[in-house]
Amino acid sequence: MALSGASSTACVSRRTLGSSLQPKSTQSNISAMITMASTLPATPSTPVHKKPFRPAHEVEGQITHSMPAHKMEIFKSLENWAEQSLLTLLKPVESSWQPQDFLPDPASSEFYEQTEELRKRAMEIPDEYYVCLVGDMITEEALPTYQTMLNTFDGVRDETGASLSPWAIWTRAWTAEENRHGDLLKQYLYLSGRVDMRQIEKTIQYLIGCGMYIKTENSPFMGFIYTSFQERATFISHSNTARHAKRHGDLKLAQICGTIAADEKRHEAAYTKIVEKLFELDPDSAVIAFADMMRKKIVMPAHLMFDGRDRGLFDHFSAVAQRLGVYSAGDYADILEFLVGRWKVESLAGLSEEGNKARDFVCCLGQRYRKLEERARGRRETREKRRVRFSWIFDREVLV
Ligand SMILES: [Fe+2]
Ligand SMILES: [Fe+2]
């Protein structure tokens, strides 16, 4: 349909060039064709939308470069430490798993049989589980945004794209490890036949075009607190999708999600180690950054997701994840409390007045979240459940 539109339009413009040489009846035919062509659908070769491209969601009031420039020296001074303590947490490529290790081998004569088995297992899994798995996969697939985000941090960014600073080596290798997560989940979902791949691909394109705004203000203090939180959040979420896959009898999918979760755990260890070091060298800045990030709330990486239809897509996906126990408000409080303990925030001494306030704020926050969550749970239980359509599963409805 679209192709025929393109060829008709091209044909019209060629003929229009020689219109004065045509007999009158032919000219009126041409006019009719021009009218017809203007009503044909737009195609890539005939752009009709003159508006500049805009992201599907836009964020106002963004703050940049709030960290004083002299603080960058801390990260320069940590380069040897990063080489010894951070880069040693990366796995060599040769001993790393690859998506192909968990998927039917297209070069094997058993490919069709293995794919058939995968699809049979996939039939046993409910739609609501797929909504969670797709949301997790889309989050992983927006990886270009996360590498961009890491390279916004002052003092640790990859200055050339191939920089040999240990911070830059870490960021590229971390990205390369993470890249396998989205690849594996996407290929699994493609083979499962359970989801609308085109809608999913559109959501990924929209999401990468939107980016994300996580309020880290180019500060590696805030940035590494965010990544510590997020790696633990993804560890929890993938561990839970593994647990549910096992419950639904798909041990291979459980293995896929569990393997990804193990990577997230190793990444969490790396990022929490960086922040631990920052607490040691500059506890005041570290605890103030921690409190600041928690006051602003940790937003999820895919918070700007859109599928071209549902403006509340992220909230709907989050509500399903909450209901199924894949990732919940309780997990958010758990992560906060875990990090407070991991960085021994309660025992920080010798802080400035602002630092003391920040410490007291984060140490009491877990309790406060739990009370709020208890009330919210009460409201959720009494509220009537709604059904929401998800384009990712061919517009079928899921309870939220
Ligand atoms: Fe990941
Ligand atoms: Fe991760």
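Note: Cβ is positioned from N, Cα and C throughout, glycine not excepted.
For E140, E178, H181, E264, the entry in TrEMBL reads Fe cation 1 binding site. Counting every protein chain shown, 22 other Cβ atoms lie within 10 Å of the Cβ of E264 (Fe cation 1 binding site).
Positions annotated as Fe cation 2 binding site by TrEMBL: E178, E231, E264, H267. According to DSSP, E264 (Fe cation 1 binding site) sits within a helical segment.
Under the heading region 'Disordered', TrEMBL lists 1-26.
Straight-line distance linking the Cα atoms of E140 (Fe cation 1 binding site) and H267 (Fe cation 2 binding site), rounded to a whole number, equals 14 Å.
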